[in-house]
């Protein structure tokens, strides 16, 4: 691997990516661009080695499956500054660089007496990645607290500021996911309240708070409850390669939900994102099809959580992708429900 160092950025050739994805699969970037100062981005992208080539942005690689070597150039942001840029009577605006660790931002916000992000504690990844997927967990999603996304628009070759409406947030969706080749996120501003109605009615949070003895819970208590639950249910990607939940929970029309419940009375159903819609548990569907805890070679499904695809050691991205496809096909055959992956698949088609 050869390196070229410039002011604000560094370009490396034939860079290994195993340490840059949480599945820990082997892959190689023809070019790896590390940007330390976002203002240097236009100059870096104009470098003759990578000008006009496809770009893959990797934060911590916690929401990708590298099923092959990515084409073109892999881009990583190393800007890791966090600060409060505005105080108001009942909220504050927090700005974080794209390279900031997501969980570190959650802890920072709590230390500043701010709430809103507590249910999103311990999600792996970086701040720059969080708007793309509109990350969500335990009844909360980050789009509800994003004030502005700062990005470089590759179409106009200008830095732009997109407010929440411009971001077109949906369930695990955004304009950044819909137009992955257009925007390069360099920082995010969050609108975080001083006081916030806590979300406690999801996935055992109240029970965990009771175990903690936190009867009068605050935001920090909720964050700790979420951390405890996640550590019990989800494998640490530093120990066992994974990307968290691999499949989205399917959103279906109410009529289809009713037909499924007529055949499968014990099927859990949750409110959808809009009227006339319901949400199924992908984990339940997968477990009912017998995949929870199954292992083939070094590819498998976690025995603790049916949504988590794991690499026990030397599974390739292609092997993990094949395993995931067969899971989805078995669910389709049994329930006529289509599962979609949460991670972005690189080097192959789903």
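Keep in mind that glycine also has a Cβ here, set from the backbone N, Cα and C atoms.
Since this is a predicted model, take the numbers as computed values, not measurements.
Database features, via Swiss-Prot:
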| type | residues | note |
| --- | --- | --- |
| DOMAIN | 24-195 | domain 'FAD-binding PCMH-type' |
| ACT_SITE | 172 | active site |
| ACT_SITE | 245 | active site, proton donor |
| ACT_SITE | 342 | active site |
Around the Cβ of residue 342 (active site), the count of other Cβ atoms that are within 10 Å: 18
Residues satisfying Cβ distance under 8 Å from the residue listed as 'active site, proton donor', sequence separation of at least 6: 282, 305, 307, 308, 342
